[in-house]
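Q: Below are the features I grabbed from TrEMBL:
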DOMAIN    41-287  domain 'G-protein coupled receptors family 1 profile'
TRANSMEM  26-50  transmembrane segment
TRANSMEM  62-82  transmembrane segment
TRANSMEM  102-123  transmembrane segment
TRANSMEM  144-162  transmembrane segment
TRANSMEM  205-225  transmembrane segment
TRANSMEM  237-259  transmembrane segment
TRANSMEM  271-289  transmembrane segment
Amino acid sequence: LSMENASRVKEFILLGLSENQGVQKIYFVLFLAFYLITVAGNLLIVVTVISSQCLNSPMYFFLCYLSFIDICYSSITAPKMIAGLLVGSNTISFVGCMVQLFGFHLFGCAEIFLLTAMAYDRYVAICRPLHYAALMSGRARGRMVLGSWVGAFFHSTLQLILTARLPFCGPNKINHYFCDVHPLLHLACADTRTVGTTVAVNGGLITLSTFAILVSSYVVILVSLKGQTAAGWHKALSTCASHITVVILFFGPCTFIYIRPSSNLAEDKDVAVFYSIITPMLNPLIYTLRNEEVKSAMRKLWSRKV
């Protein structure tokens, strides 16, 4: 088989979440609403943080970036899926598929690194308040965000190279609603065990190492609060609670899918809905509902605009 023979597939068909047309119509309405809420909610946070003088602490600097990433992250998969649900069929070109895979891993991985930076920010704020200004200077924050993007770029490039080099000679039906590594490995007409293991190890190292940093930063925070008053406990934990919630919602499903070799694709795509669509939608709600500063800044912004 020569190379152009090996990859005969020029486009893929995304099977989506259901092949039942009635269910597709319900999903269309549901996911369109989810996506619009995601974009509107996260955009509101970006605009509020940028235009508000009182939200200039590092925590909001990171929150603004997190919201920006969430918009990109859901936009890489949701519009294509929603359009497919509307017309009832969803084809994607080989190149489009690879772009989607790259973008999904780029924004997803950037979000993981950014959540880790946010945990470090909370640790410094609570455990080393006197050094906070120095450790979280504008330059330090900029480096953390840049580091998140660079790390994510290397991760997604590796995933792309490993997948794009595989031969695809048909069938071309992807049992998923977007192009991801595991479903594509199932379609390749070659032995994909080595690639599958490399992908699992790469994803596993990233999720487990960042998760270890996250957990240890929160353990240190809890230990440091031992001698605190109830008010001190409440103040510290209220700033951490929203972050911990987001971390659990994002890392739980993500870890489940990427640190093991995939066997059940139907199960994988149901879990993927959670971290690729639901979590980006919930992030603005989680951060604003628990946060008086953000709520009052939004009220000010609203009254100024009105």
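Positions of Cβ are set from backbone N, Cα and C atoms, glycine also.
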Q: Does the transmembrane segment (271-289) come close to the transmembrane segment (205-225), meaning at least 3 CB pairs under 8 Å for residues 6 or more apart?
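A: Between the transmembrane segment (205-225) and the transmembrane segment (271-289), contact is absent.
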Q: Top stretch among 26-50, 237-259, 271-289 for CB pairs under 8 A with the transmembrane segment (102-123)?
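A: It is 237-259, which has the most Cβ pairs under 8 Å.
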Q: Could you tell me the mean pLDDT the prediction assigns to the domain 'G-protein coupled receptors family 1 profile' (41-287)?
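A: Result for the domain 'G-protein coupled receptors family 1 profile' (41-287): average pLDDT 87.
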Q: How about long-range neighbours of the transmembrane segment (144-162): same chain, 6 or more residues beyond its ends, C-beta under 8 Å?
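A: Residues 62, 65, 98, 101-110, 112-114, 117, 120, 181, 195, 198-199, 202, 206 contact the transmembrane segment (144-162) from elsewhere in the chain.
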